[in-house]
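Visitor: Right, I'll just put the structure down here and ask away after.
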């Protein structure tokens with residue numbers, strides 16, 4: 001006869017089943033197997049999850065092995081003149097940026113699209129595996145870029161009330177694991193989202209809870225744009241003022257008069273400087289410590305309003321896109337224009353670059369073409385559109401249907417107007433990631449572009 005299990009043993013077994021596995025308790029051999037499937041960029045992320053993961057990656061020299069693997073993929077891969085066997089001589093960030101650039105310019109392009117909203121939306125923000133979409137619909141939605149699962153919804157009074165939104169990386173809760181493909185129980189939640197709703201600042205917290213700034217402190221003339229870096233949000237207004245709000249005291253701490261016309265776009269820097277673009281074609285550099293603007297940048301070549309501003313923290317260069325299709329580069333240390341080029345026959349809606357990338361940026365606009373642009377010269381290095389062939393598949397939870405396409409590169413002498421509009425929907429917003437980007441199209445669908453060398 002088989003042994004009969006006692007009640008105490010049965011309870012103990014159930015208790016063991018219910019005890020969650022901590023990431024700290026995973027065996028080094030198991031971690032090694034999991035890490036062997038990750039590329040260099042995911043490995044770098046994993047080094048900062050916890051000390052035990054960092055120790056395993058360093059002890060087994062997994063970063064060096066990944067660098068060697070990428071180095072030997074082919075002659076087009078970024079190379080290094082130093083020995084890859086000596087950890088101290090590997091500049092992982094430099095290697096990653098070179099690989100990122102090569103993927104954007106020469107990699108195979110895979111596109112995954114899904115209907116993210118029931119109404120048109122024009123904006124998207126991406127931070128480390130999370131995507132926030134909205135402006136145009138009655139809700140903002142927070143998505144996982146691994147599973148395309150909608151993790152949270154944030155409701156609005158009405159569809160037309162949300163003008164702009166943002167969230168800060170520092171406001172993310174802990175990540176249980178960054179090896180997303182191998183752990184299904186990952187929970188990543190944005191603690192705080194800041195939105196410009198009508199003439200008020202609103203804050204959404206976990207589970208969609210919304211709070212509004214007090215009437216006296218949070219009301220201002222019509223706001224046209226907003227950016228947020230904890231602890232401040234800056235709102236660009238129709239009357240040409242930029243209003244700085246302290247998110248902790250919920251008060252307007254400063255009003256800066258730019259005298260450059262309605263403010264249409266903003267960009268904030270880590271050192272508290274912010275840039276504002278106007279419909280009159282001026283860019284104003286402001287410092288919250290001063291009541292007056294630091295400088296005003298104005299093109300002598302082009303006319304038209306400023307549509308987008310992208311600031312490179314590492315080089316102190318500002319990239320500016322206009323309604324006339326021009327992109328210009330300004331050195332904020334000298335307040336001098338370095339170059340100005342017309343990259344598109346139509347309005348440029350969005351310019352983005354990776355935070356640490358000093359070589360390539362991406363521009364998109366009304367003609368629906370993604371353009372990879374050299375940051376140093378303004379030369380268009382590559383032009384990308386969608387292929388017209390596609391297939392569909394459902395996510396594991398059947399929450400969304402994914403449309404899969406290939407991207408294709410367009411030669412510089414090809415006339416864009418002769419390409420069908422269905423493969424180049426207008427690009428209203430770009431969110432940039434490592435070897436990937438997300439685009440909104442002022443429609444119901446969101447697109448994820450992935451660039452791979454392998």
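Any Cβ shown, glycine's included, is placed from N, Cα and C.
In case it's useful when we look at the structure, here is the feature table from Swiss-Prot:
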DOMAIN    20-66  domain 'F-box'
REPEAT    85-116  repeat 'WD 1'
REPEAT    117-153  repeat 'WD 2'
REPEAT    170-214  repeat 'WD 3'
REPEAT    215-255  repeat 'WD 4'
REPEAT    258-296  repeat 'WD 5'
REPEAT    301-340  repeat 'WD 6'
REPEAT    343-383  repeat 'WD 7'
REPEAT    422-454  repeat 'WD 8'
Visitor: Excluding the flanking five residues on each side, which residues at least 6 beyond the ends of the repeat 'WD 8' (422-454) place their CB within less than 8 Å of a CB in that stretch?
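Guide: Same-chain contacts beyond the flanks: 41, 73-74, 76-77, 96, 99-100, 102-104, 106-126, 131, 133, 136, 143, 145, 349-354, 362-370, 384-388, 403, 407, 416.
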Visitor: Take the repeat 'WD 7' (343-383) and find every residue of the same chain, 6 or more past its ends, with a Cβ under 8 Å from one of its Cβ atoms.
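Guide: For the repeat 'WD 7' (343-383), the far contacts come to 93, 97, 100-101, 104-105, 307-310, 312-315, 317, 319-329, 409-412, 414, 416, 421, 423-434, 437, 439, 441, 449.
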Visitor: Same chain, outside the repeat 'WD 6' (301-340) by at least 6, Cβ under 8 Å from its Cβ: which residues?
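Guide: Sequence-distant neighbours of the repeat 'WD 6' (301-340): 264-270, 273, 275-283, 285, 295, 346-353, 355-358, 361, 363, 365, 373, 375, 377-378.
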Visitor: Against which stretches of its own chain does the repeat 'WD 5' (258-296) lie, if we need a Cβ under 8 Å and a gap of at least six residues from its ends?
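Guide: Those are 224-229, 232, 234, 236-242, 244, 302-311, 313, 318, 320, 322, 330, 332, 335, in sequence order.
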Visitor: With DSSP as the reference, give the number of residues of the repeat 'WD 4' (215-255) in helix, strand and coil.
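Guide: Looking at the repeat 'WD 4' (215-255) with DSSP, the answer is 4 helix, 24 strand, 13 coil.
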Visitor: On the 0 to 100 scale, where does the mean pLDDT of the repeat 'WD 7' (343-383) fall?
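Guide: Here the predicted model's pLDDT, averaged over the repeat 'WD 7' (343-383), is 96.
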